[in-house]
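Below is one structure, written out as structure tokens; the observations come after it.
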Amino acid sequence: MYPSDFDIVRLQETDKYEGLRALNNHPLVKTVSSQRLIHRTLKFINITSNDSDVIEYGNFERRINNVQSGQSTNRHTSRKLLRAIPKQITYLLEADVLWKMGITGKDIKVAIFDTGLAASHPHFKNIKERINWTNENTREDGLGHGTFVAGVIASSSRDCFGFAPDADLYIFRVFTNDQVSYTSWFLDAFNHAILRKITVLNLSIGSPDFMDQPFVDKVWEVTANGIIMVSAIGNDGPLYGTLSNPADQMDVIGVGGINWDDQIARFSSRGMTTWELPYGYGRIKPDLVTYGSGVRVSALQNGCRSLSGTSVASPVVAGAVALLASAFIEINGSKINKEKVTPASMKQALINSARRLPGISMFEQGAGKLDLLRAFHFLQSYIPIVTLHPSYIDLTECQYMWPYCTQAVYHTGMPTIVNVTIINGLGVAGNIVNLTWHPYIGNGEHIDVAITYSDVLWPWSGWLAVAITVPSTSHDWQGIAQGRISLTVESDGAGKPRQSTVTLPLQAKIIPTPPRHKRILWDQYHNLRYPPGYFPRDDLRVKNNPLDWNGDHIHTNFKDMYQHLRNTGYYLEVLGHPFTCFDARNYGTLLIVDTEEEFFPEEVTKLKRDVEENGLSVIVFADWYNVAVMQEIKFYDQNTHRWWIPETGGANIPAINDLLYPNWGVAFSDEVRNGQFTLGQHAPVIFASGTTLTRFPKDGIVLYADLYDQGQELLEKKSGIPTLVPILGLLQVTNENDVEAAFNVKFHNEIQADQNGEKNVKDTTSTSGRLVVYGDSNCIDDSHLQKSCFWMLDAILEYTTTGYVPTVFMDESQKKHKTVKTTSNIEIGELPYRMKENHFSRHSKVLITNEPADSFRSLPLCTTPIYAVPVPVNESVPIELYRSQKMVSVGNTMSAVNSVMQDTDTFWLKRRVGGAGISTLQHLDTDIMAYDAKEIQEEYVIIHQWSYVIVIVIIMTVIVYLCSYLGLNRYSRRKRAILRIFGAIRALIVRRIPIQM
């Protein structure tokens with residue numbers, strides 16, 4: 001038996017939740033959580049075809065032949081040739097340089113939480129302990145996953161060396177051979193790791209469930225005890241917003257994968273984090289990337305094999321950390337060396353030494369590619385400091401600062417929020433004691449900055465949220481505004497407080513406020529997702545990913561839509577609060593997509609006023625909703641012994657109807673339809689598990705399409721024939737003031753339409769906005785996108801912004817759809833109803849928990865930014881906030897960073913965070929710099945010198961022609977002229993092009 005700090009209790013409830021309430025109210029109980037079946041998956045892809053000892057996951061199989069991003073057929077073939085004679089990753093990352101120095105991982109305790117390891121495996125020298133935490137009676141690895149993870153870290157085989165072959169391995173078997181695990185198994189294993197004083201802990205697993213409170217709390221406790229946790233970021237790329245937990249936590253080193261071409265591997269999950277939604281903005285993750293594609297590691301029994309996935313990338317970093325740690329933990333255990341090996345110091349070393357990959361966003365690569373030797377030299381002279389990630393904010397820098405660099409800041413825009421991670425190397429806990437905003441005199445006054453931050457930096461980290469807006473005095477100003485934020489962190493250490501000050505340079509592009517019709521407001525507040533509730537997928541055909549968990553944000557699974565609209569000239573802003581918290585007069589269109597949340601009654605009232613009086617247009621993209629289908633896709637959880645039933649459908653249609661029907665007589669049905677239709681000359685539009693219109697007022701425009709009844713197929717297990725159903729509606733909203741004016745011009749418009757042969761005449765009399773409703777969002781959602789329909793979104797926006805009905809919606813020559821201008825109200829069937837006795841209110845920000853569906857919470861107050869008091873500085877503005885690390889070369893034996901104390905070098909901290917545009921390293925290796933100079937010279941010869949020769953030849957040819965034309969016909973004179981010309985060319989070539997030896 002091992003010590004534990006929790007108990008598992010099965011409640012036999014007689015009264016609903018009575019026993020649960022009693023436990024929660026007990027003074028000796030901290031929290032009560034449901035025992036969860038761990039949905040954390042092993043993050044690897046088996047790229048070999050003859051390995052039968054490792055199970056391939058079905059959702060990974062289609063990716064096996066395409067594990068790199070952006071490859072062509074020829075390039076893929078060439079990479080296979082490279083893999084035929086692979087270079088060991090340990091040599092590629094230069095671990096052998098440290099081995100020659102006697103640094104091999106000795107005396108470092110490495111814990112591997114995985115599927116176990118055979119005690120007799122020939123690749124491992126120091127297996128200190130193997131413990132089985134599962135319900136199976138074995139400590140062996142039946143899958144091979146735990147074996148290859150251990151091999152990357154500590155294999156001593158010459159064919160596939162691990163990074164730290166002399167490290168002490170502690171094997172924690174937390175997954176069964178069926179890949180099943182429970183939260184309680186992990187909690188017990190984490191407690192034992194703390195007891196064993198583990199140095200490095202690798203988790204090549206992940207889950208989207210960042211709200212499993214006992215698990216997350218225990219991870220914090222583990223790192224607070226000094227254990228460096230490294231975790232795989234996930235294999236759900238290339239989609240954004242697909243990070244896995246615990247890799248997405250600030251105290252954990254989250255690792256993504258790259259291929260041998262130094263490109264982000266297609267399978268590697270992308271940021272941002274979604275913890276902070278809807279109120280804030282996500283953080284940068286992964287922290288860094290390394291090779292995770294086709295890495296050669298230990299096989300299950302013996303020998304080596306090649307595998308891919310962030311399961312491989314994570315132990316690469318964990319092994320590197322173990323190797324680095326062994327260089328600074330000595331027998332005497334001196335305190336200064338212990339300070340070099342903490343979760344904070346190691347993360348700082350990895351981030352500050354990483355090599356940035358060009359043309360790749362920070363939400364894909366983090367700080368960049370692992371550089372083992374640079375990290376070692378960073379730690380050699382390390383003293384405890386505070387650093388920031390990212391170390392600067394430059395909203396103009398593309399592609400690294402995507403999406404910030406794609407849209408400038410302007411007056412009346414929603415705040416642009418940048419979430420910075422504070423890494424506190426001073427101690428496990430700390431707090432910010434001073435924070436100041438310093439705008440640069442001359443341009444810094446054109447932005448306002450509101451700053452919020454963690455009350456306590458624990459464990460080892462915290463967050464700093466910077467909200468940037470433009471004051472009214474700069475509504476028509478255009479240019480670059482700059483400044484810097486200075487913050488001081490204090491932590492207790494060595495018996496007395498110690499402080500570290502760091503600066504955060506800031507740069508933003510300001511433009512005059514765009515015209516209203518070009519501004520789109522995205523409703524983020526009413527999107528709900530897993531975790532914590534069972535919110536199902538939007539496309540019911542997708543079987544292997546039942547949860548909607550990507551955040552539904554314009555920078556996650558709606559990234560491509562966002563980029564398309566930006567390229568079209570629209571400006572998108574995000575509303576993370578109720579509809580009562582924005583001024584409709586600033587926006588042309590409100591975009592409501594795939595919403596699961598309810599609406600406050602005050603929101604319904606305000607939106608009616610915004611549309612009818614303030615001219616705001618509204619676009620709604622809905623999704624399926626059917627109570628019987630929701631019952632059909634339920635599943636039984638063996639862990640909690642209850643059925644998991646969706647909290648709502650793909651969208652909350654009853655809530656959307658409550659918003660639209662009382663105001664404008666528009667409502668969706670509970671039909672679930674599937675199929676495709678064609679508009680104009682465009683590619684077919686895929687309609688994937690969408691809904692139809694059941695109510696629509698007269699004088700609107702409705703598009704019908706032939707679609708299959710997918711709900712009937714799911715419930716009755718039989719296919720039907722497609723039928724014509726209404727799926728798209730366009731409505732010019734009118735108010736009382738518009739009615740009389742519309743009546744007077746109606747006849748005139750009809751005559752004008754007949755004369756001009758037009759079907760899309762604009763009604764210029766209405767001051768109200770327009771409403772467009774469509775039954776499916778999958779064609780603009782990256783999650784399960786088959787074919788995008790961005791062109792249709794463009795047409796919808798053309799209608800909402802101008803009032804003209806695009807001809808693509810009025811083309812009646814197509815057989816797959818028809819467009820009808822309604823002459824009477826559409827009323828088809830009954831309105832959908834809410835599911836009874838579900839747990840939706842537990843996850844709602846609008847409804848009161850465990851109360852009837854019409855019991856609303858108090859409307860939250862709209863947040864007002866509290867701007868930092870500016871303290872202007874008259875300093876030279878840095879030319880560039882980030883200096884490319886390629887400019888600095890690192891030798892194998894040099895001391896990379898001066899061991900200069902803070903009080904003797906005023907630029908010391910700025911070099912650490914890269915904020916002053918000063919190289920991190922002062923001493924440069926002369927031989928390597930000379931080699932770089934030679935390479936530059938050769939490149940200059942090849943690229944530039946021949947261009948000079950070509951230009952000269954062209955000029956001389958023209959001269960010869962002119963000479964002939966002007967009468968230099970005598971042979972001798974022409975011959976002498978030609979000889980002089982070619983002599984000049986020969987002299988130039990000899991002089992400018994060095995002889996290649």
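Quick reminder: no glycine exception, Cβ is built from N, Cα and C everywhere.
Source: prediction; values computed, not measured.
If you check TrEMBL, you get these features:
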| type | residues | note |
| --- | --- | --- |
| ACT_SITE | Asp114 | active site, charge relay system |
| ACT_SITE | His145 | active site, charge relay system |
| ACT_SITE | Ser311 | active site, charge relay system |
| DOMAIN | 105-368 | domain 'Peptidase S8/S53' |
| DOMAIN | 390-513 | domain 'MBTPS1 third' |
| DOMAIN | 514-815 | domain 'MBTPS1 fourth' |
Pairwise Cα distance for Ser311 (active site, charge relay system)/His145 (active site, charge relay system) [Å, integer]:
9
Using a 10 Å cut-off on Cβ-Cβ distances across all protein chains shown, tell me which of the active-site residues (His145, Ser311) has the largest neighbour count.
Ser311
Given His145 (active site, charge relay system) and Asp114 (active site, charge relay system), what distance in Å do their CA atoms have, once rounded to a whole number?
7
Looking only at the domain 'MBTPS1 third' (390-513), what are its DSSP counts of helix, strand and coil residues?
9 helix, 69 strand, 46 coil
Run through the Cβ atoms and count how many others sit within 10 Å of the one on Asp114 (active site, charge relay system).
26
DSSP three-state call for His145 (active site, charge relay system): helix, strand or coil?
helix
